[in-house]
Amino acid sequence: MSDGAALVSVLVPSILAATTYFVVFESLRGYYTSFFAPKYPGCESGGYPHKSLFGWLWGVWSVSEDALMKRIGMDAAVYLRFLGLGVQTMAILTVLGLVLLAPIYSRGQKQATDLTALTLSNLKQQEDKLWAPAILMWFFSFIIWYLVYKNYNEVTALRKKAMNYGDSSQYTILITKIPLQYDTEARIREWLEPKYPGTIFHIQPVRDLSALSAATRDLQKEQLRLDRASAKAKENGEAKTRTGCSGCCGEEVEAVAYHSQRADEKRKEVSNLLEESSGKLFRGAAFVTFSTVAEAVKAANTPLTVDETWESQKATQAEDVIWNNVCNVPDAKTKRTLDLIASATFFCLIVFWAIPVALGGALSNLEELGREYPWLKGISDWPKGLIAIIEGFGPTLWRVILMLLLKPILRRILLQTRIIEGSTLELDLMSTFYLFLLVNIYFVTLLSSSVFTTITQIIDHPLRVFELLGSEVPKVSFIMIQYMVLQGFTVQTYALVRLDGLLVAIFFKHAVAGVDYERRRAMKPWPFQYGVGMAFACLMWTICMCYMAVAPLILPFGLIYFSMDYMVAKYTLLYVSSPKFETYGKAWPKLMRFALNGLILAQVALMAIVGLKYGYWQQLMLFPLPVLTYLFSQHLYTSQGELMENSQLPLVNALELDKSRDPQAVKQLLQETADLNVWEQPCMRIDPNDPLKEPAKPPVLSDSKEGHDAWNSIEVGSPPVFADQKTHLLADHKGEKDALTS
């Protein structure tokens, strides 16, 4: 099967699927507004954004980055910034690759007739045209260096602006490994007060509240049963239930009275446990809130003792805390053991997962394998149409399925390492999943689709090994294009419509849910897949980098992928769901390292492929590029990335921030945070009299009254702020000093 036919066999159904998803989304988003735009004001009453036909495309694209940052946070803005970098880069390289490089390859001496004519495979050994990819790789590298540098500086400036706003987490640290004798707020305060006299605002010890948590869940379930029974009794005049398990057996009784009595019993149990919570088992950890940002910065970065106790770190947002792991913080030795076990598990998974990925990659040459291996000769009797579908669509779909199955496994393994922050879990998942994708999608596919298919020819003609590999390796780009097409047109657009989630939500809302609480829960959106989404974006970037000078036809498909991903992710972040954490762009340095490492891999790969064609002078010309890219990456990290990755203000900036803020407003913020039990476990924030009510969200501080109004005017879920409106909302306040300017 030719490369062009294989590409068409994936491209056509993928475009049809994407078109179907867009039409379904456009048709249904006005009817199920609480599913497709739950963050939009008035969605419960049928309101939804951008009501014109496909108006959401331009509306979402037009939202400015500053407005985006204030509405959904710096981390979401960084997510979209990386996708935007992909769009910028692919757009420029597409023009250069198709205009300059593809015509040179098409005139190669091998005179291939299919799409292979547009790749490096069409050049013969030691052909003079080998200078073209070597020279253009220098141009491509300069362009990417410039775009990365420009975006790095802009994200750094954006971070400085974002950190002017904050919640109580800027004033709070987490102290772990506290000796168990300091089991009360008073004892912890007595130990800390001499070190930070007069600056400690509030201390919240972490306790074992497993009994209270279980009782709270039971109360919520019983309250839900009571609400269902009340709704049924109101509709039918009466409601009956049974006293046995799940209402299926036992004595038949009047449902409202029965569940009301049980709910009162559970409510009394929860109230008693709440009163006893201060005496529960202390877990050796506490959240300490200071009255100034500077004191919190000092406490988070200064060792409190000389031994391995009283370890301090900056606190994340309360919603980002993984409470089960905070209550079980391991010692250093146990943590190292858990990390070692996790690393060994990851290695075994990589090896194990490579086997089915490699077998799936071999399907792309199914007909050729049938000719090469006698035990597969029966394949030649299959219908040609079936073979074409399997070769074109099968391997790509198989890879997508395998990688989707991998996500929950990796998340579960990482949780066992006792990570205490959801943001750290997402960033670790991004790194680990990207490594899996790189090995199993890129390297394993490269081997299974090039070496394995030419192994018999290499054995028969060992002296032609370089020529054979030099011709086959660039052809793998078409397999990567197929994967990119399926991932961009099918998987990304499906994330917009979420058809399975919609059908389940509609079923539960209309057929199962009996009360408003259940109907709202049925329409609740999926959590935003921050780490997984970034891992896929990094993989696509790396693939495009590796083939931009080898098979420039991949670049327009990279542009399509990043454009699709950008639009779908931006709509999702604005109106559906966004990350629960805010690290002020902590992921950006890691993303840029992955991006530049992808460029280094591309430069080394081109050197290898050119070497297979005996282009030794071209290799010599390319040799400085990986070194320069590595040095450039290190410079960016040490000058800007290291501080950003720390996600903590420098002390001098913290002092300036304290000076710029109204002490009374800060005190009010911290008092409201303490009153709402923000730094308590979730079960402590449930009201026993209304257990199904969502706890109040933590308050947010702005540096000035005007800034506070601007923040609230574009709060999460409000209509987009377009470029012509942002001047009013985001103009620098007159006479206000930027507290975060170095």
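Indices start at 1 and increase along the chain as displayed.
Just so you know, glycine gets a Cβ as well, placed from its N, Cα and C.
Per TrEMBL, the stretch carrying the note transmembrane segment among 386-406, 554-574 is 386-406. Outside the transmembrane segment (130-149) by six or more residues, the chain places 85, 88-89, 92-93, 96-97, 100-101, 104-105, 120, 123, 545, 548-550, 592, 595-596, 599, 602-603, 606, 610, 613, 615, 618, 621-622, 625, 628-629, 632, 636 with a CB less than 8 A from a CB of the stretch.
Note: the compositional bias 'Basic and acidic residues' (687-696) comprises 0 helix, 0 strand, 10 coil (DSSP; helix = H, G, I, strand = E, B).
If one looks beyond the transmembrane segment (594-614) by at least 6 residues along the same chain, the residues whose Cβ comes under 8 Å of a Cβ in the stretch are 82, 85, 120, 123-127, 130, 133-134, 137, 141, 144, 148, 434, 466-467, 469-470, 473-474, 538, 541-542, 545-550, 622-623, 625-626, 629-630, 632-633, 636.
Model confidence over the domain 'CSC1/OSCA1-like 7TM region' (340-609) stands at 79, taken as the mean pLDDT rounded to a whole number.
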